[in-house]
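Pulled from Swiss-Prot, these are the features on record:
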type	residues	note
DOMAIN	8-277	domain 'tr-type G'
BINDING	17-24, 85-89, 139-142	GTP binding site
Amino acid sequence: MSYPQEVDKRRTFAIISHPDAGKTTITEKVLLYGNAIQTAGSVKGKGSQAHAKSDWMEMEKQRGISITTSVMQFPYNDCLVNLLDTPGHEDFSEDTYRTLTAVDSCLMVIDAAKGVEDRTIKLMEVTRLRDTPILTFMNKLDRDIRDPMELLDEVESVLKIHCAPITWPIGCGKLFKGVYHLYKDETYLYQSGQGSTIQEVRIIKGLDNPQLDAAVGADLAQQLREELELVQGASNEFDQELFIGGELTPVFFGTALGNFGVNHFLDGLTQWAPKPQARKADTRIVESAEEKFTGFVFKIQANMDPKHRDRVAFMRVVSGKYEKGMKLKHVRIGKDVVISDALTFMAGDRTHAEQAYAGDIIGLHNHGTIQIGDTFTQGEDLKFTGIPNFAPELFRRIRLRDPLKQKQLLKGLVQLSEEGAVQVFRPLANNDLIVGAVGVLQFDVVVARLKTEYNVEAVYENVNVATARWVECADEKKFEEFKRKNEQNLALDGGDNLTYIAPTMVNLNLSQERYPDVTFFKTREH
């Protein structure tokens, strides 16, 4: 197959949802339809507690939330699909944000009993920044749901995106009978398939087919016809251009738990979602059809293999083809490296990649030299942009139970901060270590991982820090004066960038007024 054909068949997407809308279940079922795992949700761990194949860190298994982004590749129709799983828990916005910079489309999962929830709103704001195309799956139709028309109205008014229903539900809860496909004029009858059983679906052609009345009952069939008249009059038709521009979302109904409807949106994804897209770099735009290799690191994951203390850098291939043993330029440090052991991911199973194309995600073994946002090329000096670091909103001082382990603590914290799990600040005025996070859960994750991965027992104490800003100043003399007078409030972050840690917002505002030549940044490009 030629290079352009390989690129054209790639689809790289992420699933976004509010916690508990059923994202992990959908991830499993998607893999099931892609034949990537045999028994969804029953991948047995030690002991017999079952856990999904994509939730693979210890704490995730205990809490049932996906904390780290996993990558899964599977074939579907004539495409090769890369699914990036994003943390569903509300705390992990940074990691999720960075993952969304590496995909070309998203599937938004909505719990049809609840409708649009706040986390969904936040994630949609992020996809807006790059006008990412969105597909929507209304999940949990085997339960009692809200009125489907109401759900569409809510998505349109709250998320400011037009809805084009592709399938329409027939009943819900105990009366859920299936869905009607508006563009194929077919009804798919629902039979619950649990676990890894994908039921043969009975298809009834045509809306006026008497078999439909016989199968779902005359009342529901009549209700369906009336609803569809309303839907076709009141809602948008699917429009490929508006979808690609992020202005319209095709909507599918189903139940992931009952293995029903998942294949409908996968058909939509492979048919309509964009192939790997061009990306902005600091000097030019890089097209996916270019034959020279380029890629950027959007995430670093420590200790994916508990047996080896390794760290893997996840890289999105933007253009060209990776081949085992090729020489690439690590642009930030200006060094050429030979990459012979890149990984690909089949749902948590790591295999060595012989090759990878634009749109694929590969894993690079990282011994501390790779950072989030790093660009790799075949020699060209360019840096992909748009992978931000956010100023944390919560701070704690971290302290050791055993003071002799200071070195391990620092090493662990720096590694975790490079990975983007947390940010670490070392004040210039004392030997404290301050940890900054976007959400409370991140603090628990750090202590748990320090213990299991670095054998360090640490505890938190409150610290008088309200917020942090990265500081820069073009005037060297004024900057020196600023540093001299504010040493008490200055720290270095994990990447040795100078940071102002403010005890109160008032203090920050006063400092900004007092030093107009110093710029205080809330986000920083990686």
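Every residue gets a Cβ built from N, Cα and C, even glycine.
Secondary structure from DSSP puts Ser17 (GTP binding site) in a beta strand. Of all Cβ atoms in the protein chains displayed, 24 besides its own lie within 10 Å of the Cβ of Ser17 (GTP binding site).
In the three-state DSSP assignment, the secondary structure recorded for Thr86 (GTP binding site) is coil. Within 10 Å of the C-beta atom of Thr86 (GTP binding site) sit 25 other C-beta atoms, taking all shown protein chains into account.
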